[in-house]
């Protein structure tokens, strides 16, 4: 009788210990997910509100690599401990009755079920669903339970790093880096699901692309720049301002490659309002020169710091490649911004009812790709739809000619002159008739 009671107590003790290890595993797995899911902005709010557990959570969130290391080490340790305890006990007890192999299979199946369901799936789901509440509740306990595993983590990391140095690497528990393309896909999915405003999603996606753009890709090219000579007469200046209606224009001396500054329409209006004779030399503002290979995001930051609204992009030889305004840079983030005068300007990309699009030759390829969901290539010396057509033809193509881009898109020349391609009809590959 006493032996039966002792055996029952032993079985109960083993089961309780195994269940306790399963719960610990769940705490580590769910806690890691919940802690890393809390954003830093929300964490600051929780700390300011003095929510219980917020300070412990903040300390853990400051060292995400350690959180991952402690969690992975602890879950492996408790899994091994539970397997060793349950295996040794139940194989010894059940082996004589059903055989060692069947007893081992029973232990493996039962342990796997407990750890997968109650030690991983359920706590991770709870951590994802209620990450903030779960993180606040587990943060203090997580830090306390990590204490005995910290030496083990250090030993394991040092040992594995010593081995990996032979292969030119080291052990790291840091979170995997997310590619910009993956972030962009997540933003698009969040916008479709209604998690974020679609407009905010588009701006965020454009911001990711913006970091890769060069000045040469956003500037107004040299052949479209309206500039005036330094010795321009007052009448010529007045006529140019009325015809072009630009708010800023470069001023050059001799040739357009020798830009000496730029003129602001605000300054001209101020002088005209005060009935003063407009003298360009008195109004010219200093030019800010940047290489066309400069990143657009760096230029935007510089223009903000210097409080300037126009920059002159130059080539390697020093000649003017184009101009960039603050509006050009902002439009890369939020889309086209039209003034009252520009409201009558024809759109560069007009989507037609039959899935085609009529595109102006000056339209940047990245805008066409973005608007029509295409994958048209850009070249070293061109970035517009006209440049692509000229590259495919090897010359200035004529009206009616058709060319197939690498992604299968058909480009039909609708209007062209001996010197330039004016309009192109774009036929996406999936809508091209064989």
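From the backbone N, Cα and C atoms, a Cβ is placed for every residue, glycine too.
Predicted automatically and left uncurated, TrEMBL annotations should be read as such.
For the ranges 69-91, 161-183, the feature annotated in TrEMBL as transmembrane segment maps to 69-91. The feature transmembrane segment, as given by TrEMBL for the ranges 42-64, 134-156, sits at 134-156. According to TrEMBL, the feature transmembrane segment maps to residues 103-127, out of the candidate ranges 103-127, 203-227. Ranked by the number of CB pairs under 8 Å to the transmembrane segment (69-91), the listed stretches 12-38, 103-127, 134-156 are led by 12-38. For the transmembrane segment (12-38), the list of distant contacts is 46, 57, 60-61, 64, 67-68, 70-71, 74-75, 78-79, 81-82, 85-86, 89-90, 111, 114-115, 118-120, 122-124, 126-128, 130-132, 134-135, 138-139, 141-142, 145, 175: same-chain residues at least six beyond its ends, Cβ to Cβ under 8 Å.
Remote same-chain partners of the transmembrane segment (134-156), defined as residues 6 or more beyond its termini with a Cβ less than 8 Å from a stretch Cβ, comprise 24, 27-28, 30-31, 34-35, 37-38, 46, 51-54, 56-57, 59-60, 66-67, 69-70, 73-74, 77, 126-127, 171.
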